[in-house]
Each structure stands twice: as C-alpha cells, then as structure tokens.
C-alpha cells in the first residue's frame, strides 16, 4: 500500500490527510491520529479574538503542532496554543491583525503516523478583496429576513422533488446484500438516478434499481470492498432537483480505513482528480444532473469556472429559485476516498464564483414597509454533517448575494465582544459593569435599568469609556438598584442589546411573613376583553408571587409585581379563562394566598368574525421567555427537541444559535412554531453537536435570549431512565397526608432521588416516607405543614443517563406565620415559567418538552398563528412545509362540503364482513389526501394521543431509524358515510391532548365545527382549520378531485347533487346557545331551507354531565334528545368520530343516547360531543371526561416488556384507538334499536371459601341475542360433572361448585359472545383449608441418655394460609397411647426426660388459622441410652468442631456404562429444585448414606454444564466443601452422588429455639466459610453463588459447616477477562450487575453480605423486589446505623466494611480475612454475649416470601438438604409413600431403575430463549388487521418486547400483545394504516440471554395512479 494523501481545498480552506503505510500492520496495538472534530475556517473582525479548536484521537496520544507559511507557531504574545484532555486542542490569536489572515496548518503526529488539516483565517475586509465581492461578517446579533416572494406558481402547477424519507447509512457484512431506500415526491414524477460518488450506477446482475410501494430502492448483491462508498439518490423534474447521500460500509473493515471509500483502483503513481463541491441554487439541471445523464465527470481547471457556468440558460424566475432553495436538502457531503493501491489521490474542491442575486431580496415585509430593525442581509449557510475523518464544512460566505460595493467595506453591524455579567452584591458596595463593543461606524452605547435610561449622577452613578471599553459604575448600590440592566449599541447599520441582572441584598433587616393589604376581587368580562387582577402584598424579604387558575399554574398570562402591587394581565379573554384565580405569595417565613372568581361571558355568534384575527394590544411589550432552555444530556444518535415559549407584542421573531453561530434549517435541523412555542429539532445528534445553544427573540420593543448546554454522550448498554407514569401536582390543606406517585423504568433499574426546591430530602426529619411497589415509587408526606410546599423533583439515575420530573405541592388557606429559624421554606419559583404543565406532568430534562395548555394566541393552530400582516416574510426561518401548501391557502376557493356530505347520501347498512368483501367499490380517499400533505418527520409517540402522565421518552433518546411520513392510525375501509378528513389534518403534527384538552383533529365533515374551540383552544374562526393544516388543505376536495366536480361516490352511494361552493360568510354561520350546547343550521341550499319547515330541529332535554372515572372502571355517558323526524346521532371524542367497537358501545333507545366503555383508559379522557341531526337542523351537547390514574398498587411494570401470563388471561378482541366515521343512515320512521355486542353488567369479585363449601359464580349479561356463555378455567372449557354445574339463561350464566376442594382453586373466565363481538370477565377462587400433614417421616437424631432431637418436613400444602406451628405427639411402649407432647414453630424439637427402658414413636401435626392437619407418618421406634452399633453417616461421627473427620476424597469420572441403582439403594425424596430432585441413597456395599442429585439434561449445553460442575468439584477436596463421590449418566439423566449433610441451612439452624447465637458462633462460622472459599480460590475457581442456602450445617448440634452447590462456579485461571450475568440479587456483587469483569473478590462481597446478616439479622441491600435490590447493590450504600449493631464489636464491623467495598480491588481476600483481628479472636475464652434472633427470624420469613418472586436465581441448588431426615442406615420397613418406588413390588433391578427415573418429575432446565416458530413477513390492505405470531421457548420464562423499526411498542388498542403460558406470543395491529408499514421485531430475554426475530409488514394503499389524473387545471 502506498502513501495516501487526501486534499480538499476551496477558496476558504485546504485540508489534507496522510496515512503512513508502515503503520497499518500495527493497527491493533497503535492508532494513527485522526481528527474526530477538525478545526473550522474563521471569519473574524480586525481586533477581535480568533480561536481554532478541535479534537484528535490516536494512540499513543498525538502531539499537535500548528504551522503558518511553513513556519511552526509557538505559544506566546498574541498566540496561545493549548492541548487539553481527551485529544482537545486549540489555537487562540488575540487582537487579530490584517497580516494574520491566511492559511494555518494543524498537524497531529504520533508513532503511527501523522494527519494534517489546513484552515483559513479571514480578517473582515480582506475576504472581500480576495474574492472581489463585499463580505458580511456573521455576528451573534445580526439579522436577515427570508427572501421576498412576489409571485407564486399556480397551486396545481409543478412541484419540485422532495425526499419524504431519509436515506439511511447501510452497514453490512461482506457478501451480504446492501439496500438503500427512500420515498420521493414531486410533480411531474421525478426521474431518479443513483450514483456512487459522482458516477451513475447501471443496473447489472449485482446492482438493481427498482420502485416498490412508492419507495425508490437500490440493491447491491454480494457486497465487497469495491462497493464501499457514498451513494447518492438524485431526483430531477422540470421544476427542480434534489439529492440525498448515504454511506455503504462493510462491518469489520479496518477502523483506520473505514473513514475512506475506495473510489478507484489506480495504477499510476500519482493520480489527481478534482471535483466541485458547491451548492447550486438554480432550479434547473445543474452539474449533478448533467453528470448523471452524460455519465461523465469533467475536470475543470483549478480556480476556473465549473463547466456548467458557461451555459447561457435563462435566469429562472425568482420564486422558483426561492422554492428550490427551500426544498434543497443540506449540502451533499464530500466524498471520502478509500485508497488501497500504491498511488496518491488528491481530492480538490474547485472554486466557484458566487451567483449574483437581486439586491434587497428579503428585506421588505409583505406590505412593502421597511422592517423596523434593518439588518444587513446574510448568506444562508447549510451545515454539512461529515463525521468522517478530517471532514470540513465549506461554506460560501458570499454566495447568492448581490450587495452594492459602496458602503459595505466601511460598515459593520454592532457586536458585543464582551458583555456585562450578572452580579449579586450587598448594599453600599461598588458595582462596575463593563462591555466591549465593535462596529463600523463606531457604535453609540446607552445603558438602561428596567427599560429606563441610566445617566451619570454625581456621587452615585458614573458612565464612562476607557481603553475601548464602556463602563457603568454604581458607587453605592442600593436595593432599589436591583433589576434587569441592558446595554444597547447602535450605529447606522442597526442596533444590538444585551441584558443582565443586578441583585442588591439588603443588610440585616427584620424579616416579615407575607400578608395582603388588599386582596383580589371577583370580576366578570365579555369574551375577547382584556382584564387585570390586582392585589397588594407586603413582606420581607419581598415575597415571590405565583398565579394559579383553578389550582393549576398559569403559563400564558403576563404577571408583574412592582412596589408591592401584584398584577395579572389576561388579554383577549376566552371562555376557558373563567374560574378561580389565586395569587400565592411566599418568602422564607411562610406563604399566604387570596382568590377571586372571574366570569367570562361568551359573545353572540353574530360578532364571531370580530375575533377571527387577534386584536393587537395597544402597548408594545418586550419579549419574555415563559419557558426557557435547560441543559440537556443525550446519547449519540438521539433525536433532540429544544422548546421555548416566548410572548411579546408584536409577536417576537426567533433565531437559534450554536456556540454563537446561527443555525440554518437543513435536513438535520428543523424549526417548528406552535403559537408562542418555538422548537429546534435535531433529527440525530453527533458529538460535534455538543455546545451552547441560544434562542434569541426580539421585536420592536426589545429582545431577550435564553441558552443551555447540550452534551452528547457516548452510548452505554441499557436504557436511560424514563417515567412510565408521571406524578401529578398536588394541592392540599394543612394537616392532610399527601401522596406523590410515579412509575419508572430503565435498564439497569434506576435509583430514585427525591428533592424539594433543588435540595435532597433528608430522611432524618421523619415527616415523609418513600414507598416502593415494584416500579412504582410513592412519596408520603404525613400531616403536611407550610414548609412542605414547594417544587418536588424526582430524579432517576442509572449508568446510561438520568431523567427528572417536577411537580408542585401547594397548600390552601395557609395563614401567614413565622416559621422557626432553620426550617427550609417551600418555594414555588418556576411555576409560572413552564416548570410544571397544567397536567402536573412537570418539565422533563429532555430535549422534548410537552406543552401544558395552549399558549395565548395559539389555539390549536400551529403554524398560522401570529402571521397576520407580517405574513411569511416576517418569519425568521420557514419550515420545510411552506411550499405549495403555503401558496395553496391563498388561492384555493373556499368550499363548503356540508351540503353534500351532511345529507342526501343514500346508503345501505353493511356489516364489517360485507365491507371486506367489496374492496373494489369501497374507495379510501385517505390515501390520496395523504399524498397531498407532506408532513414533517415526527416521532411515533408524537403521533399518538396519549395520557399526559404517560410519556415514553425513549422515542427521544433511542437512536431513530429511517424517518417515515407520519400518518394517523387509520380505521377500516370507509363505509358509505361522512368522509374522513383525518388524513388531511393528521398529516401535521398534533398537539398532545392534555388536561382534558383535545387535538381536535377532525372537522366531522363540517368546517364550521372547527370554529368552536375545544377545551383550552382559542377560537380561531371557521376558516382556520385545527391541527397544523392550512385552511385550503382542510377544505380541499378529497382524492385530488376538482373543487367544482361532483364528489366521487363511496361504496354504492350516489350523491344527489353537485358539490356547491359556499361563500366565506356562509361558513361563518354558527349560533351558540350556551356553553355546553350548540345548535346551528347545517344547510345552505334551497332543498335544505325547505326541509327546515317540515319538522322540528333536535333539542336536548337532558344534557351530558362532566364525569370523573378511575382508570379501569366503567364509563357511561347519557343524554336525551327530542326531534321530528328522529335525529341521527353522532358521537365524537376530541373531534374524532366514535363508532361501536369491542371496547366502546354506542346505543340509542328512543330518545336516550348513551356511550358505554367497560374499562376506561387514559386515552378515553377528553371532550365528548353528542351531535343530533335531522333535516330541520342539528344540536349538540358536550362534556369533559377525566380518567384518573389507577392506585399506585395497581400500576404495572413498563408496558413494553411483557411477561408470560397464565392461560387464564384471554386476549380481548381489539378495538381501535382512532375509530371510523359513524355511518350516515336515512332518517328512519321509527327510532331504531341499535344492535349491541354482549355486555357483562354484573360479575362477582374474587372469592375465598372454606373447603367443602359450595360456590356460585353468576355473571349477568346483556346485548343482542343470541348470546353464548362459556365458563373456562386456565383457557380450557369447564365440562359439567357431579361437582360442577353450569346454568345458562337469556340474561346470564351461573357456575356452581357443589363442594369446593383444593383443586378447584384458580382463575375462572366467563366468555360471552354474539355475532357483534365478545366480552370476558375473570374471577379468582381460593379454597382454604387446614394444612396437609407434614411430609415424610419424623426423624430422631442426636440420641443421648435421656434426650433426642426430632426433625421433620413441613407440609406439602399449607391450605391457603401459612402454617403457624406444629404439634408433636408421642407414643411410648408403656402406655401405648398417643398424647400431645409439645407445640413449636420450627421443624425440629429437642425432646427431654425420656426413659432408657422405654421405646418411643413420634408424629407431628401442622396448624394454621383454619385448623390442625391430620398426623404425619409415625417415626421409627426409638430408645435412648446406649445405642446399638449400626452404620452411621460420617457427618455424625463427631460433633467436636475442632476435629474434622476423615473424608474419602475421590476423583469422579462419569459412569455411562452402569446405572446408579447398580450401586445404591434409592430411598425417599429429600427435596427438589429447578435442576431436578434429591433422593437419599444408601451404598449397597458399605451401607453409607449419601445424597443423590438427579438432573434432567436434554441438550448438549445442559450436559456440558453438569460435567463442568463435576470437573470443578474434582478439584475441591477440602473438609469445608461438600464432596462428589460418584456420577452416572444415562440418556437425559445425570446423577451426582454427594456427601450428605443433615444439619440444614446455616440460617435455619441459627433460628432454632435450642440454638444460642453469640458473636463467638459468628466468628466460628465465618472462619470456616473463609477457609473453604480460600481453598476454592487457590484452585483458580470462583464460586459466584455464595448465599445462606448454600452454607449447610454438618449436623444440628455442632457448628461445623460445608459449602455446597458449585453449579455457577467458574475457572478464572486462563479465562482472561470473565464477565457473568447471573447470581442471587441480594448477594451478588456490583460488578456482576454492571457486567464488568469479575474476580476472586466477587466472592468476597458475598461473604461480607452473609456476615452482615449473620451478626445483625438485617440484610444490607434487600429491597421489596429484585429490581430494588439490584439498584441498592449497584449504589453500594449501606451502614451500621441500626440498633442491631449496638452489641456488635468494632472488629466485626471493620471486617464487614473491608468486604463491602464497591471497588473490588479494595476488598480483603480470604487469607487477609483469616488474619483479620476479628477472626483471630480466641473463641474459647472470649466473652459470649447472646444476640437477638428476632430480626433473623423476620429476615428468613421475608426471604422465604420473596423466593416466590421472579428473582434471577442460580441453577442447580442443593438447599433442599436442609430437610434431610431418616439418617440411620436402616431401610424403612414399611416403605415411604413419598419414595419413587417400592422395591418389593418390582421384579428386577432394571425395573427398579426404570421406575425410579420415570418417577423423577420432569422439571424444566434453564434454557436461553429461542424461537420454535418465528414471525413471517405480512402484506395487508390498509384498514384491515395484521397479526404476527411466534412461539418462544426458554427457561426461566422469557420476557418479551416488540419493536417497530427501532421504537419499542407500547400496548394500546392499536397494538395488542398476547403472550400465553405455552409461549405463544402475538402482536395484533388493528386498523392498519400506511404508517404501520415497517419492520417488526420480537425480542425475548431471560437471565441466560436473548433472541430476536424480525419480519416486515407491507401495507397496500391505493394505487399511485388513482386520482392523480384528476388534478385541477386552471
């Protein structure tokens, strides 16, 4: 490989990169330098400071040097060189001179190579001379207007090409297929050309170009390294052109070469190729098209004109040029070049003379008036993303401008080189503000305080200039000097101002609590009027003022507080402005509030037109940010939205800046405006997007700015925290208890921090408590006091990121009082500034901020507001959608479709099945409407109307996939009824419906309805549509039909009359009667006028009432309407028409109309309207429905992760979130009775009954007959039997269980069905009883002269209630009767005072709250005193703890030839676990007793795991470790023969009644544990599952223990860096959870946890669930604060402290543990103070309860040995009922073995998830349903999450996920729409791993050709 040199140069900069070939071979060890953030060219004013900065990477660390004219630059004088951490570097040139201009070369070198980048410094004035053009420097404060638009093309004319979807980067493996796809629009149909680099691609065997479903597709089969490069899709038509590029790269390609693309295989030693890299603004074909058509790439001479510059093409009209400019994508990236041959390639960018432009373009407003703030025009720059190596942004600063030469060189806009800073000072201090201003001519500087000029005053204020700086000096600051100061610099070019604040703190003054000297007064106003609320407040310090409306913070009004007078100004009052206004005043001593009621009377409709245009307030006001920017931290590749809310009169104009440079709208940066809200959307952030973002707003009255820092972080594995359900703001009274709840998610599970007013809550106060139920966290404030009020913040953190949410707690009727000093007062600061939305959701520290209420003047118009006379030109930057739609709104004829659509459509009633059979006649016009509207790219979450409290921020933070054109969720094919306008209105981004407000997306086929605002919407007039649509779009004919044409019939319907146009006056006819009810005349034709006199218009006798309903409860709305003829009823929710579905039942019985929803969801909240229509007119009434959140205990986990559920949960049939328009039926003669799906109107609650009692379960049903009722249990239909009876009737069904037994427990489901649908309900039945007898045979051990220890098993079933105690009964040979001996709680008892000449038998009964069980089996006859010689278990040979018995260590090989039954007698079962079962074995030869661990191993992987465990145990021959002595394998069965230990688990032994726990015993146990683990570590092995269950006592009397269960053990030696992701949450170390390398110290953490619990009975990290436990472990926070540690020695605490270190390097090892002073203590002579065992008992009870959860548990556990009994060598003479076989009944040993193996219950082994059935690609028709089915295997049961492209799917009525007990998983998508066309992925995860499968859903919409030919021609 030869040297590679890449050079890119222009008239501004030159960049070159070199690669040293000698370093390539050593790439894995070293890395050549690479500029990951290269420095940029600068254009600086003379005298200013220039700073080149960038970032370089490489290994070793590269050295950065700077050169100019071949000479190195050294740091000193005006030049400052700096190299920072992580490769950052900079060159700073102070006081730039003319001679400093020129090119600077930055070189980064290390041992692996060198890189260079050349940049250019242009000093203002020199640049113009160099190019022969005047230059306009880009400064922070200057302005320019959008170009003027004098003429516009016809609305039906040509449209330049556009990209509707983005071309994404493709990364494939070599040999795979690479696929690029994008969607384009334009008229006429654009011609598509694909290029690689600049060379057009020709179809071949490997390269195919096609169009699929409107997508342009390029496929490259068998990708190799020659195919790597940048591919461009070029689209051209007669109206313009557009192009978009993306890179194809091969996965695994050497990282040093990945930044280049091999473009040619040159054989020359030197090849020089020059290409142009300039954007042409011409709308006709330029060089790129010419290259595509001629397939040649000409090479112009350097410095000359490009080849197309000489073409004498006619100058295109200015408007075409403007549209082309607007529509053009961002600058095509420079083509990177990959060189692998022995040659040198230079890529040179040619210089292009800028195109002349008409002077003054864009300076005038539409009315021709000059702008009030003139500013020199500035060229638009198009930031180009080039994350590749050494990329540059090359921008022609003077392109496309023709500026007169005169006066430009000698003038410059004012600029602040340095600005005054905000200060806080004490009274009487001297304050000095300094600023430095530049500009030509020299600007004049003026100072202002709160808008009032500040002038020099002798002895107090000095204003002067010194050494080029301007100063304002306050000699003695007073409190009255506090406020906002501003400085204005102005010259002939314009003016610029900046502002800051001064806070002068009063010296020690007597503090006074707030109080009102005058309070608010009630008032009444007429809609549209302004009003002011005023009160006087006093207090020291000055109280903070917060205004509330109906208890919620006000976001849109202007408030002032001057001289103790607080005022709230409401302009242009709306009906929703009425309510209770509260002024809340607070300071450090307390808070006080006063309230007033404001009534807003509606205007008469005759004056409706008066407020169609906003009334401009008379007094200009400077801009104010109601919501500013806040700092953001996001992941690389995330989508970010920054939103501000700004008010002012006239409406301010806004620009966005990044690090002081103005941001231009491009493919990556979008600007959006919704009324007073302005947003900057970054589609995909890169590290170079890090920096300070500033939003600057100005109008004629002043300007203001806000800024924040965006930090782009490298991605981590996992998911950033987010709120499943957000908390709500709370208003409470003194003394009440308050709950603030939220549900959270994240991976790893986040830690939760609660803060008030920015400070962490202190747990020591005792006034609050934080509760957790799985992922639901609740803050409980008991008996709230005034100091509890304030802003509460919930901060979530994990290693991926953090998220926060704020809510406010406000107190009602607080009396002013002084608080004790030191008490922290509440703070309600930020409430007005948008800190908390009206829904209480709070502001999230993410890029996307949800609006609360609509801003003032906004209504529901997103892009039309505020444009009045200023029009499009006044707007700072237009969004991309302002092309033909913006023109169309001005010229299209306004048409009223109500005449045709509202009546005279004869239809026939069709069922859904009928509709699906006639798709050819059912024409869906939405497909055509959708193509006319080209919406912006929005996230999937923004398209959905979701609850204010449930927002999924992953759509912001996750890496986005290919952008798709959003389409609202659609409905089945339209029936012959009112057409659906949602596809027009839904094309624009919707406002989320919040606080009961509505997106109001549809007009209900009546444009007039849009004039009535919904909820908080501002009246916007009948001609203004809702959402983001233009008026012309709203009223545009459907399907591209001509406006004057007859509407195409839908279904079999034929319209009776032609579409008639309506005047604007007719559209405005709309009469309001009262607030909640509206009646109007629908007709404008003669026929309709005649029909009015033939009947009575509808009227509501009973109106709808506002409703509050809890989530999951039934919602019922009813109203009564009278009319003649009978009216047709239409229901709408938030403007969307409802229809009967499986979830929503609409009914009409006579005059009673109702809506019924069985289980209300958050999406059911909003404004419901009932519209009644007949020929005589129409009426409507409405109500607001609020769906309150379910209680915290009912909140579920993150909805997108779905766990397998039992068969009892039947999937409900899906409904739709966005339902179709209701059919319009002919006016019936008699009121029809609507057919209804079945409803279950009565059903029992969960029941608990005693065994033997009878149970009746009755469900009452209603609906259209016939209805079939079916009872099921666990998804299987219940068959009648002697115990169960089913009785069905017309109105219900009853299930009777005559005598309930334990097997009748479970979940019962009643399924009711008719032809219209189905419904189901479930009830849980619990049968309680006395417990079963204790299992097995009681066993006597430790037999002495007059005592013994009796032990037994617990009951196999506790009867539905926990066993409370055991009753022990005794039989002796003298009395020969059974009598009760004692009662105890544990499963062992020490029996005393036995006589040596008697024989005894024992039996045990279990007792719970329902009674006493039958007795257990009888023990064997036992005598005390001298025991006969008999074989003994070696573990019982000696109780002397100091002497270990002899152990027969064996190296085990697995016997595959013989069976376990050949050598051992298999006796009773001792226990079972997930691995299999444990049986007692007696060796035939020696009669020794062993334990047999029987595994079921079905796969090779499972067998290998068991073999690995045996192999590890062969290395672990130590007295403290349980020994494996034999092993057998036969087919799927593996048996390990193990040493038996009978003392039970260590902690079970400790809580025995007869055990005395002291610190001495703890030392003995910990010493043995350390010895055993030390030996394990010396063999190079880690245990990884140390926990109490795996520490077994040798017997029930001594203190010797053994460690068991090596199923998770791993060899560390030779393993390199080992990472695992398993263990028991409570005992696992932080590095395991974080998936970091583990070591021997990982076991030491577990030892520390065991020791902590052993000495205290408390667990340091146990939470209420595993997620909380894992979070506690990750944070590694613990203490000895509990009183349990009062009795523990300091040595013991020190021992624990040195083990529970988060950094594993700082933990003790086993050798150090054994040498620790605590374990070195003399246990024989030390003081033994008894420790309490109560906490240990509670801990064990809690741990047993927790084991029923879904913890990440270890495999292969031998903890069941805790219940081993019957340790004597004799076989039971009677046999054991629990034994798997009875040897006497079997004929041969072979039968014995076979019968045993069959008896071992097949328990599932642990298996990584896999798909036994995968999802398949689907192709469906729009409007139908799609279903993906798969089957998932794995154990533990995998959890499932579905993805649409890269977005996780949350279950809703549109997406339903079903996952049953058998592993069948389905995703059902109802009412499929074009937006559902995507790739779907099912991901299954359990503790062993994950699996995914993917399929594509293709949605067929109408053919592209249909409707296209019907465009209007003028």
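Here the Cβ of each residue, glycine as well, is placed from N, Cα and C on the backbone.
The number of other CB atoms found within 10 A of the CB of residue 231 (phosphotyrosine), across every protein chain shown, is 23. Per Swiss-Prot, phosphotyrosine is recorded for 231 (among others), and the stated evidence type is experimental evidence.
What Swiss-Prot lists as phosphoserine is 343 (among others).
If you look up Swiss-Prot, you'll see 365 (among others) marked as phosphoserine.
Shown for the domain 'Ig-like C2-type 3' (414-503): DSSP residue counts in helix, strand and coil, namely 3 helix, 59 strand, 28 coil. The domain 'Ig-like C2-type 3' annotation in Swiss-Prot covers 414-503.
Per Swiss-Prot, the feature phosphotyrosine maps to 464 (among others); the stated evidence is experimental evidence. Other Cβ atoms within 10 Å of the Cβ of residue 464 (phosphotyrosine), summed over all protein chains shown, number 10.
According to Swiss-Prot, the feature N6-acetyllysine maps to 608, an assignment based on experimental evidence.
The phosphotyrosine feature in Swiss-Prot is assigned to 792 (among others); the stated evidence is experimental evidence. Long-range neighbours of residue 792 (phosphotyrosine) (same chain, six or more residues apart, CB within less than 8 Å of its CB): 727, 740, 754, 755, 756, 779, 806, 807, 808, 809. Under the three-state DSSP scheme, residue 792 (phosphotyrosine) falls in the strand class.
Residues annotated as phosphotyrosine in Swiss-Prot, with experimental evidence given as evidence: 846 (among others).
Positions annotated as repeat '1-2' by Swiss-Prot: 896-923.
Sequence annotations record features per position, and here Swiss-Prot assigns repeat '2-4' to 1028-1039.
The region 'Actin-binding (calcium/calmodulin-insensitive)' feature in Swiss-Prot is assigned to 1061-1460.
For 1438 (among others), the entry in Swiss-Prot reads phosphoserine, with the evidence type a large-scale study or a structure entry.
Look at Swiss-Prot and you will find 1464-1719 tagged as domain 'Protein kinase'.
Marked as phosphoserine by Swiss-Prot on the basis of similarity to another entry: 1760 (among others).
As annotated by Swiss-Prot, phosphoserine applies to 1772 (among others), with the evidence given as a large-scale study or a structure entry.
Residues annotated as phosphoserine in Swiss-Prot: 1773 (among others).
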Rounded Cα-Cα span from residue 231 (phosphotyrosine) to residue 464 (phosphotyrosine), Å: 61
Confidence summary for the repeat '1-2' (896-923), mean pLDDT rounded: 40
Per DSSP, three-state class assigned to residue 231 (phosphotyrosine): strand
